[in-house]
């Protein structure tokens, strides 16, 4: 095994080298004793000012006598034209605001596909099948075994039907069948749980990175559910594990244009034709991590759906590092020296992900952080700029902005580093770890299995904020922020409905 391949394996499976770790964001000293009080003071500062102002006005008004009130009336009467102009401008401005403000986008419900149990693959079964194919040498087999043991996956993840045969039988037809099972399985649940008829859907967005047949996956859905002829459908390909957030962003933009309609987003990945049958270590890692899964989301801009919606979309922030050649090629589909196709993961993946995350949270921070955190960050920035560049940068506490975190379950190393560098508690990354353990890396849909986990645990309360973070080829880091519209509960349609009581489980190091 080459040194570069060893580094790539360590980054993806959980063993991290010093050069591959995310940049250390948390360099500031914790303000253990005063920070919480300071946060509450700054958060409610405007309210305190408003209350004080109202108190002053009340005192002044209580001291006015009849003559003062009469003089005020005469003053307004003599300036009637100004009063009318002011009221007209006020009404006109309010009307313009109402007509041009962004429409609220609600997540009515979502559904995660759970494959049948016969598609589950245990570690020994995985290794035995890999051995029997005859495509892997002993070094590659041992490499895959170590990845399986360290990556954080459990023994109940799913691989497609074609991979259960010996030898495997990948084909276009088998890939189509996998796509149908996943997409239609998730959509069937979504339509049942919401009571929405397929004909009511006005916008359809499908994302799948590695399988893009003709007709498209979105056309397959239109055909299967006989969607209406004027539906606006989109098919996103090649955009990696962060494409789910991109699809949500596209649906959101479409809902700003088209009134009173529903949008369905389907996020999935297809494994059947994208299994790697070679011996290049950096291209073997996806075999060990990626598993079958998919999710379907129903979005609405109808005010009438506000009462029954689960979440409201607050922000979407997208960061693209594709202009940098190293970032562009860190997740790269290619052929090895023997002409076998697979996806190669670069040894620089973790560092590139860290830079993309920093750029993303730099944009997201001012939108979501409380004034207290923004003020501290601004003061530190000014001090570093004009007084002492050696002052350690202040890293905002994102736990003050969000109650729940859905970190893309790309591998244990990714989750470990984000937990450390965003200074999260174990409970904040529990949903990500348990999703990786139970379902593996389901690509762009993993953040929805994580949200379903938090709901199944009944941890989400009305008003809570959820941060979905996803990384993908290109290289991209995308964030979606949601606000809960009601308290969560365990749904009978949840992929966790019959196993949530077994979690969290202890994951071996």
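If you go along the chain as it appears here, the first residue is 1 and each next one adds 1.
Keep in mind that glycine also has a Cβ here, set from the backbone N, Cα and C atoms.
The transmembrane segment annotation in TrEMBL falls on one of the ranges 38-59, 104-125, namely 38-59.
TrEMBL lists transmembrane segment for one of the ranges 60-79, 80-99, namely 80-99. DSSP assignment over the domain 'Beta-ketoacyl-[acyl-carrier-protein] synthase III C-terminal' (403-483) gives 37 helix, 21 strand, 23 coil. Spatially close to residue 408 (active site) yet at least six residues away along the chain are 241, 242, 414, 432, 446, 447, 469, 470, 471, judged by Cβ distances under 8 angstroms.
Averaged across the domain 'FAE' (97-385), pLDDT for the predicted model comes to 93. Within its own chain, residue 404 (active site) has 428, 431, 451, 454, 459, 460, 464, 465, 466, 467 as residues 6 or more apart in sequence whose C-beta sits under 8 angstroms from its own.
Counted over every protein chain shown, other Cβ atoms within 10 Å are most numerous around 441 among the active-site residues 320, 437, 441.
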